[in-house]
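Undergrad: What TrEMBL shows for this protein is this:
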TRANSMEM  12-31  transmembrane segment
TRANSMEM  43-62  transmembrane segment
TRANSMEM  69-86  transmembrane segment
TRANSMEM  92-109  transmembrane segment
TRANSMEM  121-141  transmembrane segment
TRANSMEM  147-167  transmembrane segment
TRANSMEM  172-191  transmembrane segment
TRANSMEM  203-221  transmembrane segment
Amino acid sequence: MTRIFAKKRSAFHSVAIQLVLGLSLIGAVLYGLGTYPLADDPLIHLIMKATGVGFLAAYAALNARASDHWILAAALVASTFGDVLLEGSFLRGLGAFLVSHIIYVLLYARNLRGKGETGLVRVAIVAVVWLASGAVAYFLMPSLGEMRWPVVAYSGVITLMASLAILSRYPFWLTGIGALLFLSSDTMIAMDRFLQVPPPFPHAIWVTYYGGQLLMAIGVLRAQAPTEVRGGYRFD
């Protein structure tokens, strides 16, 4: 059977992969610190905000050797739209990130560990995650107003995403921790916006958000993909 994604990378391809990862890291750091030219310009601000995860999506696409990698790239693209839309409309940004989390849910759900491979530690972590998310939602509810159900639905989906990431075959110290960081970032945004509880340290939201996306991407890309058969073609 024909192997898709099995071609040897050219030198140009390898350089492009390293370049986009470097641009992602540089863009994320510069945006986080606010140290870039014309930082007060709204358009430049949006562009810089999109570079971190936007180039991370390109990194995933350039590294794609399995269909799961393209699903990862799609989740990162949706997150990039969320980064941009969030500046003008909280609800639209929330919608874009909801799409991103749903894509992540699909990715992790199709890569769950087999029966008997999960382990009690992962199950215990997932239980704590749901308890913590439920507690946060309980305290947020009185302050949400008309945003109550969109925020609650979003909270449920991102908690499910983090849970499936923890229970997936991907390495916990990369993908699991990354998902927890992403969840922490969104929790801090909600608490800051609706409860006026500021993040614990400067740039905490951005550091946990970008760090989470980076760790999840690396975890998925580094994992050996199981053989997939689609119409006689192997996507591994």
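Here the Cβ of each residue, glycine as well, is placed from N, Cα and C on the backbone.
Automatic prediction, not curation, is the source of TrEMBL annotations.
Note that the coordinates shown come from a computational prediction; the quantities given were computed from them, not determined experimentally.
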Undergrad: So which of 12-31, 69-86, 203-221 has the most C-beta pairs under 8 Å when paired with the transmembrane segment (172-191)?
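TA: Selected stretch: 203-221, with the most Cβ pairs under 8 Å.
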Undergrad: Can you tell me which recorded stretch out of 12-31, 69-86, 92-109, 121-141, 203-221 has the most Cβ pairs within less than 8 Å of the transmembrane segment (147-167)?
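TA: Comparing 12-31, 69-86, 92-109, 121-141, 203-221: 92-109 has the most Cβ pairs near the transmembrane segment (147-167).
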Undergrad: Would you mind listing the long-range same-chain contacts of the transmembrane segment (69-86), meaning Cβ under 8 Å and 6+ residues beyond its ends?
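TA: Same-chain contacts beyond the ends: 5, 46, 49-50, 52-54, 56-58, 60-61, 63, 92-97, 99-101, 103-104, 106-107, 213, 216-217, 220-221, 225.
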Undergrad: Could you pull out which residues elsewhere in the chain have a CB under 8 Å from any CB of the transmembrane segment (43-62), counting only those six or more residues past its ends?
TA: 13, 16-17, 20-21, 23-28, 30-31, 36-37, 69-70, 72-73, 76-77, 79-80, 83-84, 87, 210, 213-214, 217, 220-221
Undergrad: Mind checking which residues of the chain, 6+ beyond the ends of the transmembrane segment (92-109), have their Cβ under 8 Å from one of its Cβ atoms?
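TA: Apart from its flanks, the transmembrane segment (92-109) reaches 68, 71-72, 74-76, 78-79, 81-86, 150-151, 153-154, 157-158, 160-161, 164-165, 167-168, 170, 175, 179, 186, 216, 220.
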